[in-house]
Each structure stands twice: as C-alpha cells, then as structure tokens.
Amino acid sequence: MAMRRAAQQSIQALGSRVSQSKQLHQATPGSKKIVGVFYKAGEYAEKNPNFVGCVERGLGIRDWLESQGHQYIVTDDKEGPNCELEKHIPDLHVLITTPFHPAYVTAERIKKAKNLQLLLTAGIGSDHIDLKAAAGAGLTVAEVTGSNVVSVAEDELMRILILVRNFLPGHHQVIKGEWDVAAIAYRAYDLEGKTIGTVGAGRIGKLLLQRLKPFNCNLLYHDRLKMEPELEQHTGAKFEEDLDAMLPKCDVVVINAPLTEKTRGLFDKQRIAKCKKGVLIVNNARGAIMDTQAVADACASGHIAGYSGDVWNPQPAPKDHPWRYMPNQAMTPHISGTTIDGQLRYAAGVKDMLDRYFKGEDFPPQNYIVKEGMAPIWSGTSNFICESCYAPHNLERKWLRPRLDCGSQCSPRLIRFDLLRVGTH
C-alpha cells in the first residue's frame, strides 16, 4: 500500500511538474539567439555543397533562421574563458553542438546562461553536457537519434576488415616504395569463422551485426537487455549476459555503448587482460570507455594485436596522445558519424526540432535526453516503483525527475536516467 501511495503521489507530482515546466520553457515569442559550434572546414567547405556540418555552412539553416527574425551565430572557438562561445553564453537561447567538435556544456556555463532553454546535438550523444545541471535548470536536451547510425556501423565494419586483413602495413609499404609480402601476410586473416562480440547492441550494434552476417562469423553481443527474438534469429547473434565471460571468446571486440558513469573506464587493465591474447578492438563509441594507457600498454605488449577507432579522450587528441604512436593502431579523428549523408540527416533533424521549438510542439520522443528538466522512462515491464527514488515505472512516454544518484536499489531494468539509453546509442 505504501508503495502504491508513493506511486500515486509521484504521478500527481509528475503532471504538476510537466505543466509548470512547459509554461516556463516553451519558446517565448520574439527573436531567439541560436549559437552553433562546429568544426572549421577551410578550403574543403567549397569542395562539396552538401558539406553542411562545418562552421562555413552551419547546417545550412542560416537563411531559414534569419528569415524568421532569429539571430544565428556559428563558431569553432569553444575553449577557454575568452573564446567566442563564452561571449554568447549569457544571452543565447539555443546551443547546437556536435560530437565531432563538442562544446562542453558544464554546470558553470549552464549557470551563466540565463536565457538558455534548449541544447541540441547535431548527431548522437550527450556526454559533452552536464545532464544533472541541465535537468536541474529545467532545460531540454535532445539529439538527432538515428541520424548517423548507418555511417558509424559501416565505419566499424571497415575497421574490422582493416585490422583482420592487416591492411595498413601494406598501404604504408606502397607509400614508402617497399614491397615485402611476408611482413603483411604473417598476420593477415579471413573474417569468416572469427568470433566477433559487440559491447552494446543498440541501433549501431544491431546494424553492425546485420552487416556482419554475410561474412559467416560467430556473432555475440552483451547488453543490458536481449534484442528482439526475430533479430536474434535473423543475425544468428547470441546473447552474453556476462561481459567478462564473453571477452575471452572474441577474436574481435567492438565497443557500441554510450559513455556514462557506468561505462567510463570500463576497459581498464584488468578487463583488457580478460580478452583473448591477440584480440582486435574497434571503438567508435567514446574514448573514455577505455583506459588510455592500458590500451597503449596492451598494444605494445601484443595482448591487443590491433586497435582502431575514431574517438579519443580528450578530443581533439593532443599531439602527444599515446594512441597516436602505439603499434598496430588504425586510428583517425572523430569522423565515422560525419559523412556527407550523415550530415544531411542530422542537419535536417536539427532544423525540424528548431521548427517544433518555435511552434511549441514536442520533438520526436526518441530524440529527448532530458525534456524540460524531466528524464525519460524508456523501459519497465513491471508495475512497481523504484524503492530508491520512488519513481513510477512502466509509464509509456511519461517523464519524471528521478533522483540522479538512483540506481543502486533499482531493478536491473530500471536504472538512473543517464544510463537508460545504454544499448540504444
């Protein structure tokens, strides 16, 4: 009875908070100041008219915004107290940034941003935002969910093949004018018959598994929840509940989990040691999921036979970052999700959400990270409340503000809001 009463009280409070929040944080009439932070393209901006994800093109929305009377500022200068972004923090209404050149939205910046209502990611991800501070300030945080999942999944498949076939040493030989087949062939393999495990089987992980099926690999996946039986059957992928039990089975490990407090540093020295000697690792998720020095040391010792990815910690990676110089690496800057096709998708998604914001309309529900200070409840198949935060679960498309430290006493399927999207990427 006590739990039921708590649930009823929480539901009533939920409705009250949502109502108050909408009154406070709908787009108010009049001109809005919108700031976009993107990477600079320089000479390359003119080489492709669809290259919209750079400062020079600003997602291609300038004319549209200014025709409606809004102010649109774009910059790549985002670091330090005297940067261009910092000058606009006090009076901006909307901040748009990307995972490829992220503007870090700290609690301090949120406190300074008196007019801020909306934080948009042109792409996927929110780890550059202090979500606790954003929720506390009643802000909306959203991404263009799904906008570059195909781009990233294809890139992961490419990196797997590059590592398995020992491609880069051969390419480097050509550049250097060399010809030594043996130096490449002694560690080049077929992908067929290898065991590949993905850590996280959300949108990108599932697409990767589907693309790997024709290669006749043994496919494993570790996630908080099992995927749909139909997709499991279609891909032939097998669920591994215990990550540490899956790792020794894998010839290739692919990281497809978002960065959260739970996954930060997930692959430290001890967990890497549980991988098969000679493992190949692909990480296009987030660099901070890996222990930087542990990866470099394992590559040097040969325990990791090859490491490839486009994510670093920090970003941009400094010139002395150890991953630049470790052996058997195939690293690039953060590029996998910013193909021209991906740019066009996330630019269109940002424009759609801005249009909805101006009209006071809801965004597509899957795009929300935080909605006007409320956190989404995406899962829950049992009619009970969390004993730790008293949040009602199994409320489809409902929103609430749970305790941000909740999780220790929750059901495994009910987890604090910044971890709810694990496995959905």
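From the backbone N, Cα and C atoms, a Cβ is placed for every residue, glycine too.
Noted in TrEMBL for the protein shown:
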BINDING   Ile124, Asn148  substrate binding site
BINDING   Arg203, Ile204, Asp223, Pro258, Leu259, Thr260, Glu261, Lys262, Asn284, Asp310, His334, Ile335, Ser336, Gly337  NAD(+) binding site
DOMAIN    65-360  domain 'D-isomer specific 2-hydroxyacid dehydrogenase catalytic'
DOMAIN    158-336  domain 'D-isomer specific 2-hydroxyacid dehydrogenase NAD-binding'
SITE      Arg286  site 'Important for catalytic activity'
SITE      His334  site 'Important for catalytic activity'
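With Arg286 (site 'Important for catalytic activity') as the anchor, the candidate binding-site residues are Asn148, Arg203, Glu261, and the one with the nearest CA is Glu261. Of all the binding-site residues listed (Ile124, Leu259), Leu259 has the fewest other CB atoms within 10 A of its CB. Of all Cα pairs drawn from Arg203, Ile204, Asp223, Pro258, Leu259, Thr260, Glu261, Lys262, Asn284, Asp310, His334, Ile335, Ser336, Gly337, which the record names as binding NAD(+), the longest spans 25 Å.
Take the Cα of Asn148 (substrate binding site) and measure to each of the binding-site residues Asp223, Leu259, His334: the nearest one is His334. A separation of roughly 13 Å, to the nearest angstrom, links the Cα atoms of Ile124 (substrate binding site) and His334 (NAD(+) binding site). For Arg286 (site 'Important for catalytic activity'), the count of additional Cβ atoms within 10 Å of its Cβ stands at 23 [all protein chains shown].
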